[in-house]
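K.L.:
Please see the structure below; I have some questions.
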């Protein structure tokens, strides 16, 4: 059992921000002044917040791209028919937010503002320019249209104005002035009984992270961002909500199942875990207080692994040494990964077996209960694995979700075996070779050579035009 202590250093780290910011709490929770334009250029705030700015800039050191599809080609099959089957990399530093959404194969290779596969909403977690545009055009104006429309406007990487009321006098004096810069996030927090302006400072610290590190979907004709929390934040609650409104992100091209794609539900999984339940915030673990060269405390904005700052993070509460805690976390991660792979194997078979049933003439009515099981199994699997830190945030909940996903996938396959038998198919359905990402993509009919060539042309021709236009309009520093 993990032992927890509340030592003097932990108390000191918690009390400093409390006493430091109590005097400005009322101003900090006030809404940004409507008459002041959101400033999206992060370097503008370096003079007032030099340590925070330089540590934020250091997220550019987190530059490695890890290809999740190459590590686990099963994902290609599970996301067949969806852009994630083309390209899915693990997350890296905030300094790459705009670059990565521009360069991923998922956003396509649009030639003009009305072209491309994805909506404007795909910019929503990438840049303080989003807050600027929402303030300028309203939410309807911002969300309207295709992703490419935002190219010349959304050019600054995730930064200051995403989490701080940078227009406030207190921010100019060096205070943090936290805010929810996305109105849809504020509405979601209110829906779960957490209005931002009434929340305590520690709650607010995690809520600003929860604007983006969260599950969401694109709602209505305008494809506006909405969090599916109306019925609650657990996986079953969100599943019920999506089913009730008959929402699907896409239809799997093999099984023809209307699917749900989880995003990055760190806020939900953190809330369900031991740290969230004890109000140990995102900031405590990922952005600890550290000292600069003069000995002044500041919040480290090089967001990263808590083990990289062990003395300022884990050691504030835990008595175990770093190696002991790393061993615990590694074991939890391995347990979750082992069950994850088992669920994926079941789902891969279910998608191909469903395709075989459809090819054999199965009707919509015959397929409906099977597709429901596939949909629910993959949703629960996805919500567990899309939160990359679930082995740390909520390992028990991760295993529980994966366990229910396994049950649902097994139910689907049992029903498929019976249905296939009625169609005269009693042999095992053959699965093509999907041992590599490339073979899996070929199995679902993707022309990756063409997709990559089109993307490279887009990167070479369209992105430079966007940046040139942004500089002319004063949106990027020269």
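Placement of Cβ uses the backbone N, Cα and C atoms for every residue, glycine included.
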K.L.:
The heme c 5 site in Swiss-Prot lists 314, 317, 318. Which one of 264, 275, 376, 388 belongs there according to the record?
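P.N.:
When Swiss-Prot describes the heme c 5 site, the candidate it includes is 275.
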K.L.:
Starting from the heme c 3 binding annotation in Swiss-Prot that includes 209, 212, 213, which of 94, 349 is the extra site residue?
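P.N.:
Record source Swiss-Prot; matching candidate: 94.
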K.L.:
Need a hand: Swiss-Prot gives 160, 163, 164 for heme c 2, which of 301, 351, 391 is also on that list?
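P.N.:
Same heme c 2 site in Swiss-Prot: 301.
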K.L.:
Under a three-state reading of DSSP, tell me whether residue 216 (Ca(2+) binding site) is helix, strand or coil.
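P.N.:
Assignment for residue 216 (Ca(2+) binding site) reads coil.
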K.L.:
Other than 215, 216, 261, 263 themselves, what residues in this chain have Cβ atoms within 8 Å of the centroid of the Ca(2+) site's Cβ atoms?
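P.N.:
Result: 214, 217, 262, 264, 265, 386.
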K.L.:
Who sits close to residue 212 (heme c 3 binding site): which same-chain residues at least 6 apart have their Cβ under 8 Å from its Cβ?
P.N.:
124, 125, 158, 162, 264
K.L.:
Using C-alpha positions only, work out which of the binding-site residues 261, 317, 318 is nearest to residue 94 (heme c 3 binding site).
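P.N.:
Of all the candidates listed, 261 is nearest in space.
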K.L.:
Tell me the Cα distance separating residue 216 (Ca(2+) binding site) from residue 318 (heme c 5 binding site), rounded to the nearest angstrom.
P.N.:
33
K.L.:
How long is the line from the C-alpha of residue 317 (heme c 5 binding site) to the C-alpha of residue 215 (Ca(2+) binding site), rounded to the nearest angstrom?
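P.N.:
Here the two Cα atoms are 29 Å apart.
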K.L.:
Report, as a single number, how many Cβ atoms besides its own are within 10 Å of the Cβ of residue 213 (heme c 3 binding site).
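P.N.:
Residue 213 (heme c 3 binding site): 23 neighbouring Cβ atoms within 10 Å.
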K.L.:
Taking the centroid of the Cβ atoms of 94, 209, 212, 213 as the heme c 3 site, which other residues of that chain lie with their Cβ within 8 Å of it, listed in sequence order?
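P.N.:
My list of surrounding residues reads 125, 158, 210, 211, 266, 303.
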